[in-house]
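> Encoded as structure tokens, here's the structure I'll be asking about.
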């Protein structure tokens with residue numbers, strides 16, 4: 001009975017010991033984790049303070065530079081054209097990012113923000129500190145308290161400017177998009193600075209911007225932090241970025257251009273870059289001997305030939321004359337006041353116009369990933385591309401079926417049917433494999449033998465649209481970058497911008513498209529900044545704190561289990577002696 005009582009008592013003590021040990025070890029773990037987190041936060045604050053000091057030093061240096069520049073400008077009466085341009089690197093692509101973005105500085109001291117370049121909208125906005133419904137982006141939410149020049153646009157019931165609504169004593173920012181998503185928050189003003197990589201002068205001005213307090217859909221998951229709209233100001237509307245930019249820099253021509261490649265590109269403020277024009281680069285290398293005996297100052301016409309070996313050449317044997325003279329840019333009138341709409345009058349495939357309308361208003365929009373066209377035009381293009389899409393080169397039946405096609409058997413006869421058949425034969429011969437991904441989008445292994453499209457603009461000018469542009473690189477394939485229009489809104493998106501210099505002349509209200517070799521900028525080459533978003537890393541192991549806590553708990557349980565086994569062994573030795581020890585002295589004597 002006594003032995004039983006002793007065992008029960010000791011097991012009760014053991015239970016209490018185990019409970020206290022677990023509680024102690026767990027609290028120690030939490031305290032250590034919190035200490036680590038606090039240390040990392042302190043380091044982050046120190047880095048931010050250093051960033052502020054650097055920003056103040058930059059401001060002082062900028063003032064000195066501006067004074068020196070003013071003195072230099074007074075002495076220099078002649079400027080080079082290149083010095084009048086401000087160039088900004090664009091990052092991103094069509095496949096991974098679905099947009100192109102640039103970095104600008106907001107506030108004093110500055111905080112860098114990555115912004116999607118969007119010619120289809122007018123707002124400049126990004127998430128701010130305190131937003132609970134915002135996604136995780138490249139930079140931390142903008143902190144208004146860090147900037148000496150930030151000012152929230154407060155209101156009292158109905159005294160907001162520009163017809164804005166007053167919500168919660170702040171003027172409401174609200175933006176809706178065609179795919180159904182919304183972002184909203186409040187307006188604030190601050191200094192916007194554009195650091196150019198080719199010009200030491202910085203464009204800087206005050207701008208009313210939107211602070212995101214709620215994000216939805218695509219904005220919630222995008223990597224870039226915000227959006228930079230480049231469209232024009234509506235009557236009585238909030239002044240847009242592009243209008244304020246040229247208003248505060250009257251020395252600049254009200255022209256800007258966008259030049260994007262497969263990866264990255266460039267935004268040019270104040271004009272365009274003729275050195276990027278493809279025709280200029282071809283002239284510098286070597287001109288066709290038969291067509292280019294005259295000097296480069298004359299009109300230059302390039303005959304586009306068969307596309308059997310090079311995707312930069314035409315898809316059929318018929319020569320198509322396209323003017324590529326640098327000094328003879330073909331401009332297209334902007335047909336609407338506040339957005340960049342132009343008229344197109346035809347869309348040719350193998351010499352056949354597949355447009356059933358005389359003209360079509362299309363929005364030139366760098367914020368749209370793909371080019372959106374009317375359903376009937378899309379179906380026509382898709383029909384011919386489907387014939388050229390062969391996913392099984394060993395299927396003799398399907399191949400013979402395509403080879404037996406006649407011009408009369410097609411949905412719409414082609415003017416250059418023989419070139420279409422030649423391209424089909426070459427695709428089969430070269431085994432240019434084609435697969436289909438989501439929504440039946442065709443993807444080819446190579447650009448060879450795929451057709452060029454031609455868009456008819458004003459004055460019957462036909463602009464070439466190459467496969468390297470309307471297709472985009474997806475891993476090792478080239479996929480179609482065309483979609484059916486939504487809400488009856490045709491759009492010339494990034495798959496139209498690619499490999500062209502798109503020039504916006506705001507003074508003359510016109511746009512031009514010039515084939516160009518646009519610069520590439522990989523996102524991996526993008527400079528880092530103190531305010532970029534970083535997941536907190538454990539200083540011991542690069543694992544989450546939950547995993548660290550579990551590791552500590554497992555270690556504690558292992559130690560406790562060892563103690564239990566040791567104590568259990570001691571109990572058995574004390575209260576359950578060996579059989580030889582259980583014999584009494586009397587029994588031994590007998």
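Glycine too: its Cβ is placed from the backbone N, Cα and C atoms.
Note that this is a predicted model, so its numbers are computed, not measured.
Swiss-Prot lists these features:
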- 118: active site (ACT_SITE)
- 365: active site (ACT_SITE)
- 33-81: coiled coil (COILED)
- 282-291: compositional bias 'Basic and acidic residues' (COMPBIAS)
- 292-304: compositional bias 'Low complexity' (COMPBIAS)
- 128-211: disulfide bond (DISULFID)
- 131-134: disulfide bond (DISULFID)
- 155-166: disulfide bond (DISULFID)
- 160-171: disulfide bond (DISULFID)
- 259-518: disulfide bond (DISULFID)
- 389-434: disulfide bond (DISULFID)
- 443-479: disulfide bond (DISULFID)
- 100-514: domain 'Peptidase A1' (DOMAIN)
- 282-316: region 'Disordered' (REGION)
- 1-544: topological domain 'Lumenal' (TOPO_DOM)
- 566-590: topological domain 'Cytoplasmic' (TOPO_DOM)
- 545-565: transmembrane segment (TRANSMEM)
> Within 10 Å of residue 128 (disulfide bond) by C-alpha distance: pick out those among the recorded positions 155, 166, 171, 365, 479, 518, and say none if nothing qualifies.
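So the list is empty; none.
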> Find the shortest Cα-Cα separation between residue 434 (disulfide bond) and the recorded positions 118, 134, 155, 166, and name the residue that gives it.
118
> Which ones, of the recorded positions 118, 134, 389, have a Cα no more than 10 Å from the Cα of residue 171 (disulfide bond)?
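Of 118, 134, 389, within range: none.
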> Looking only at Cβ atoms, how many others are within 10 Å of the one on residue 443 (disulfide bond)?
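Looking across every protein chain shown, the total is 21.
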> Is residue 211 (disulfide bond) helix, strand or coil when read with DSSP?
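Residue 211 (disulfide bond) sits in a strand per DSSP.
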> Taking residue 166 (disulfide bond) as the reference, which of 118, 131, 160, 259, 518 (the recorded positions) have a CA within 10 A of its CA?
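160, listed in sequence order.
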> Measuring CB to CB from residue 155 (disulfide bond), give everything in the same chain under 8 Å that is also at least six residues away in sequence.
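Once residues fewer than 6 apart are set aside, residue 155 (disulfide bond) is near 164, 166, 169, 170, 171.
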> Using C-alpha atoms only, work out the spacing between residue 389 (disulfide bond) and residue 118 (active site) and round it to an integer in Å.
33
> Counting across all protein chains present, how many other Cβ atoms fall within 10 Å of the Cβ of residue 211 (disulfide bond)?
26
> Sort the recorded positions 160, 259, 365, 443, 479 by C-alpha distance from residue 211 (disulfide bond) and give me just the closest.
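Considering only the listed recorded positions, the nearest one is 160.
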> With every protein chain in view, what's the tally of Cβ atoms within 10 Å of the Cβ of residue 434 (disulfide bond), excluding that atom itself?
21
> Which recorded positions from the set 118, 160, 365, 443, 479, 518 come within 10 angstroms of residue 131 (disulfide bond), judged by C-alpha positions?
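Cα filter at 10 Å returns nothing.
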> In angstrom units, rounded to an integer, how far apart are the Cα atoms of residue 160 (disulfide bond) and residue 518 (disulfide bond)?
43
> Of all the disulfide-bonded residues given, 171, 259, which has the fewest Cβ neighbours within 10 Å once its own Cβ is left out?
171
> What subset of the recorded positions 134, 365, 443, 479, 518 lies within 10 angstroms of residue 118 (active site) at the C-alpha level?
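Those close enough are 365.
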> Tell me the Cα distance separating residue 443 (disulfide bond) from residue 259 (disulfide bond), rounded to the nearest angstrom.
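Given the Cα positions, residue 259 (disulfide bond) is 24 Å from residue 443 (disulfide bond).
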